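Visitor: Provided herewith is a single structure, encoded as structure tokens, for subsequent inquiry.
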Amino acid sequence: MKIIDGKTLAENLRKNIANEVKQYSRPPGLAVLLVGDDQASQVYVRNKSRACVEVGFYSDQIHKSANITQEELLSEVQRLNENNNIDGILVQLPLPSHIDANEIIEAIIPEKDVDGFSSENVGKLSLNKPFISPCTPKGVIKMLDSIKCDLRGKDCVIIGASNIVGRPMAMEFLNAGATVQVCHKETKDIKQKTKSADIIVAAAGVANLVNSEWVKEGAVIIDVGINRLEDGSMTGDVDFDDVKDTVSAISPVPGGVGPMTIAVLLENTLTAYQAKL
Ligand code: GUN
């Protein structure tokens with residue numbers, strides 16, 4: 001059984017990015033916009049900003065109060081769209097419920113949409129002509145590449161159909177020549193589907209949802225879950241100890257998908273920067 005070491009993969013990706021940045025006189029710039037006081041979001045935003053500085057990017061962290069209006073937030077995005085030192089804009093999700101998140105995402109110009117969430121960038125990925133693609137699914141593909149997992153003809157089952165992970169993950173798999181099923185809240189008997197999968201991506205946000213009864217011998221599992229248990233520890237969507245003797249490879253939580261997502265965000269920012277040159 002192989003452990004897919006996202007932490008080390010991400011370190012290598014960051015090293016390559018840092019090396020590439022050295023040749024430029026102006027650093028790539030990433031603006032991260034956080035609205036409100038969500039604890040988890042604050043941690044993610046801090047980690048993203050820190051990773052930026054480490055690879056030699058310029059990082060602008062903007063924190064707005066939870067009662068910001070739609071118009072104020074739109075003008076903040078507009079200001080960043082026009083700022084020549086900013087190559088990437090990330091609005092941390094979720095946004096407060098009075099904010100129309102979709103309108104905010106669409107307000108970011110696609111050239112600076114380093115999350116790849118705008119309809120233009122989603123459309124390009126869907127047409128297999130990617131420009132900037134969502135970080136987590138792109139990171140998952142890199143993790144599978146790292147264990148030389150050939151995706152052509154593979155049966156992939158994704159648990160979760162979010163715009164951030166499940167949907168773009170389906171497109172990445174399709175573009176790589178795999179056959180894809182996306183399971184969600186309305187899906188009948190998810191276990192029966194994962195049981196025949198060559199590759200399972202678990203992104204449901206339910207601690208220890210996937211156990212050995214869900215998994216075929218020799219399957220590969222990527223665990224996208226980040227769940228906080230009552231004792232403060234972090235766990236994925238997969239019961240690691242229960243499946244470890246069944247799978248051929250699995251990504252751990254922590255140290256799997258999380259660090260890869262951030263490294264790909266840096267890569268996307270570099271792509272946005274280079275496209276502007
Ligand atoms: N919230 C959870 N994951 C993400 C992500 O990848 N990007 C943004 N902007 N917000 C998130």
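Placed from the backbone N, Cα and C atoms, the Cβ positions cover glycine too.
Since this is a predicted model, take the numbers as computed values, not measurements.
Take a look at what TrEMBL says about it:
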type	residues	note
DOMAIN	4-115	domain 'Tetrahydrofolate dehydrogenase/cyclohydrolase catalytic'
DOMAIN	134-275	domain 'Tetrahydrofolate dehydrogenase/cyclohydrolase NAD(P)-binding'
BINDING	Gly160, Ala161, Ser162, Ile226	NADP(+) binding site
Visitor: Using Cβ atoms only, which residues of the same chain lie under 8 Å from Ser162 (NADP(+) binding site) while being at least 6 residues apart in sequence?
Guide: Ala203
Visitor: With DSSP assignments reduced to helix, strand and coil, which class does Ser162 (NADP(+) binding site) get?
Guide: coil
Visitor: Across the domain 'Tetrahydrofolate dehydrogenase/cyclohydrolase NAD(P)-binding' (134-275), what is the average pLDDT of the model, as a whole number?
Guide: 98
Visitor: Near Gly160 (NADP(+) binding site), which residues of its chain come within a Cβ-Cβ distance under 8 Å, counting only those 6 or more away in sequence?
Guide: Gly166, Val182, Cys183, His184, Val201, Ala202, Ala203, Ala204, Gly205, Val224
Visitor: Which residues, sitting 6 or more apart from Ile226 (NADP(+) binding site) on the same chain, put a CB under 8 Å from its CB?
Guide: Ala40, Gly205, Met234, Gly236, Val253, Gly258
